[in-house]
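Asks: Sharing a structure here in C-alpha cells format.
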Amino acid sequence: MLCGALLSAHELFVESDRGLAKQKKVKVVFVIGGPGSGKGTQCQRIAQQFGYTHLSVGELLRQEINSGSETGSMIHSIMKEGKLVPSDVTVRLLQQAMQGIDNDKFLIDGFPRNEENVKTFENLTKMEPEFVLYLDCPQDEMERRLLSRNEGREDDNIDTIRKRFKVFMESTLPAVEYYESKGKIRKVDAGKSIDDVFESIKAIFSQGKDNNKPANLQLVAAGPSSAYGSHGASLLSLLPTPIAGHEPAFKVHSWRLAEKQRPTLDQPYLEHT
Ligand SMILES: Nc1ncnc2c1ncn2[C@@H]1O[C@H](COP(=O)(O)OP(=O)(O)O)[C@@H](O)[C@H]1O
Ligand SMILES: O=c1ccn([C@@H]2O[C@H](COP(=O)(O)OP(=O)(O)O)[C@@H](O)[C@H]2O)c(=O)[nH]1
C-alpha cells in the first residue's frame, strides 16, 4: 500500500492478466555512469545472470520519440542537444514500463541523471533503490567508445557528446553524491575490459545474495568470567548487515548483567529468526 515513508521493497499495484489489481514487492537498482561508460552493456549481463528486468530510460525515451507523439517530439528536441528531459515525463514513462512487467527486480539503466530526477522518483513511486551501481570511467575512454558505438544515434556526435559530458559532471555527479551520503553507492572501475568490469559487478550483486542467506552460526558457549559479554558484542559486529526491507537473519536475546543472566544453551545469545 502506498504510504508516506520511502521503502526499498515497495508494494506496487500491477494489473494482472485477469485485469485485477494485485500487489507485488518491487526491488530497484539504479545504474549510473557517464555516456559510454558501459551501462547498457553491463546491464544486459546483470539482467541475464541475476534475473533482473533491464529498463534503459534512454531507450524508453527513444521509443516515445518513435511513437510520433507530441511528448516524443519534445523529448527529441531535448535529447539531440544532450540535455535532460523533465523528470515528470521520464518517471511516468518508467512507472508505466514497470507496471507492465511481471518481475519484482528492476535494473534501471541511465537514471537518475540529476537531483530533480531523484526527488520526482521518490515522490511519485514512494520507492528508493536497494543500491546504486556507479560505473566510473575516464572521459577520454567514454569518448572513444561513443564515437565507435555505431548504433546510428543522433546524439553520438562529438559536439553533443561533449555537452552530455558537461551535463554528467554538473547534474549527475551531485545525484551520485546524494546516494553516497546514504551509503548506497557501489562504485566500479568501468575503464577496464567488458569482462573485467563484469567481474567487479558480479561481486557486488553476489554479495547482496549472500547477505540474504541466514549465516550458519554456531552458539559460542562460555563459562563464568570468560568475557562472553564483550565477545558477544564483537560477535554481533561479524554478522552480515541486514539488507533494508529484509528481516534480519538473527534476533538478539538481551541479558542483564545486574541479574547475572548469562546466555546458556537454553537461552542463547543469538538465534535464527
Ligand atoms: N568495458 C568496455 N570496453 C570497451 N568497450 C566497451 C566497454 N563497455 C562497453 N563498450 C562499448 O562502448 C560503447 C558504449 O557502451 P554502452 O553500454 O552503450 O554505454 P552506455 O549505455 O553507458 O552509454 C558500446 O559500443 C559498447 O560495446
Ligand atoms: O533519465 C534520463 C535518461 C536519459 N535522458 C536523455 O537520454 C539521452 C541518452 O541517454 P542514454 O542513457 O540512452 O545514453 P548515454 O548518454 O548514457 O550514452 C541523454 O543524453 C538525455 O538526453 C534523460 O533526459 N533522462
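Yeah, the Cβs are placed from backbone N, Cα and C, and that goes for glycine too.
From a predicted model like this one, the values you see are computed outputs, not experimental measurements.
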Asks: To which of Arg92, Arg149, Arg153 does TrEMBL also attribute binding of ATP at the site defined by Gly36, Ser37, Gly38, Lys39, Gly40, Thr41, Lys192?
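Replies: TrEMBL names Arg149 for this ATP site.
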Asks: May I ask you to find which of Arg45, Arg62, Arg186 TrEMBL records for the ribonucleoside 5'-phosphate site already listed with Lys83, Leu84, Val85, Gly110, Phe111, Pro112, Arg113, Arg153, Arg164?
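Replies: Site partner of Lys83, Leu84, Val85, Gly110, Phe111, Pro112, Arg113, Arg153, Arg164 for ribonucleoside 5'-phosphate, according to TrEMBL: Arg62.
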Asks: By CA distance, which of the binding-site residues (Leu84, Gly110, Asn117, Arg153) lies nearest to Lys192 (ATP binding site)?
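Replies: If we rank Leu84, Gly110, Asn117, Arg153 by Cα distance to Lys192 (ATP binding site), first place goes to Gly110.
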Asks: Roughly how wide, in whole Å, is the group Gly36, Ser37, Gly38, Lys39, Gly40, Thr41, Arg149, Lys192 that binds ATP, by largest Cα to Cα distance?
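Replies: Across Gly36, Ser37, Gly38, Lys39, Gly40, Thr41, Arg149, Lys192, the widest Cα separation comes out at 17 Å.
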Asks: Based on Cβ atoms within 10 Å, give me the single least packed residue among the binding-site residues Ser37, Thr41, Asn117.
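Replies: Lowest Cβ count within 10 Å among the binding-site residues (Ser37, Thr41, Asn117) is Thr41.
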Asks: Around the C-beta of Arg149 (ATP binding site), how many further C-beta atoms are within 10 angstroms, looking at every protein chain?
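Replies: Total other Cβ atoms inside 10 Å, all chains included: 14.
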Asks: Ranking the binding-site residues Gly36, Gly38, Gly40, Gly110, Pro112 by other Cβ atoms within 10 Å, which is at the bottom?
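Replies: Minimum Cβ neighbour count within 10 Å, taken over the binding-site residues Gly36, Gly38, Gly40, Gly110, Pro112, occurs at Gly40.
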